[in-house]
Amino acid sequence: MRSVLYSYILFLSCIIINGRDIAPHAPSNGKCKDNEYRSRNLCCLSCPPGTYASRLCDSKTNTQCTPCGSDTFTSHNNHLQACLSCNGRCDSNQVETRSCNTTHNRICECSPGYYCLLKGASGCRTCISKTKCGIGYGVSGYTSTGDVICSPCGPGTYSHTVSSTDKCEPVVTSNTFNYIDVEINLYPVNDTSCTRTTTTGLSESISTSELTITMNHKDCDPVFRAEYFSVLNNVATSGFFTGENRYQNTSKICTLNFEIKCNNKDSSSKQLTKTKNDTIMPHSETVTLVGDCLSSVDIYILYSNTNTQDYENDTISYHMGNVLDVNSHMPASCDIHKLITNSQNPTHL
């Protein structure tokens, strides 16, 4: 008896699931219920989410519902005659935030670093890489589609990264620098033409037929961008300087090693001693002279924080022989520039 009753209950359950327990009926006050749809002036049961109408109702039999198959879905009460196909797999620049199942479509959203250019009913259809703000610029906001807005860093702020997320940071007001100015004055020098060679991230050099000035730099965050060289009355003034967009990380020591080499057969060398060494910032220097073609050398190295009120500075100097007067010089760039790319330590010039 119990087995017969259990079978009967199971049979009734199947009928209810398939919508066959209630025959279609006429609308009440011209309306059907929320879980019904209207067909030929009859109110028929809708299929629940996750199923579709494998057989529509007629005057005697209600809707027959069948579960959705793999990669298909219905998310609302319906009388669709087939389930909807889920969206395809997410692109490489997207992440799946909801997987496809019988009641929900797959949803893909943009990965970090991307924004949605074209939205769909279920997530984003097209993701585009966000704009990256360059050195000296920071993220100041976002467009209506989610792309980055870049703005120049104002007074008292800086940025030394290329990023789609970093904002301009407040300047550290002491014990660091964002600008390096190197001045090298030499006597006697005759050749007025020069070649500048840059090995990115490693060294700068100015060479003439008489001598070569090489500056090797290590762990320096400000980027050297330009040089100058001029000769007047056998006195040469030359140098290198950086941009102002990048601050020195105080956990590192910016090291500058200079070699001034005469292009003759004399290979003797000597180290110059600092004559001024006002140091509160993270830097270190050496100067080596190779050869005997010069009788006077002046070197001035200025490390500056250009965003402080009076320019906080460290000044380093080296001297040999007479102090040279270069006030009448008109510095100019070298005639030839050569760039050697160092793939292990790339730096934007």
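Here the Cβ of each residue, glycine as well, is placed from N, Cα and C on the backbone.
Fair warning: this is a prediction, and the values are worked out from it, not measured in the lab.
The disulfide partner of Cys57, as annotated in Swiss-Prot and taken from the candidates Cys32, Cys43, Cys44, Cys68, is Cys44. Out of Cys83, Cys100, Cys108, the record in Swiss-Prot bonds Cys90 through a disulfide to Cys108. If you go by Swiss-Prot, Cys86 shares a disulfide bond with Cys100, out of Cys68, Cys100.
Long-range Cβ contacts of the repeat 'TNFR-Cys' (67-108) within its own chain (Cβ-Cβ under 8 Å, at least 6 residues beyond either end) map to 34-35, 37, 39, 44, 46-54, 56, 114, 120-124, 127, 129. For Cys108 (disulfide bond), applying a Cβ distance below 8 Å and a minimum sequence separation of six or more within one chain yields Asn87, Cys90, Asp91, Gln94, Val95, Glu96, Thr97, Gly123, Cys124.
Its Cβ placed at the centre, Cys86 (disulfide bond) has 20 other Cβ atoms within 10 Å.
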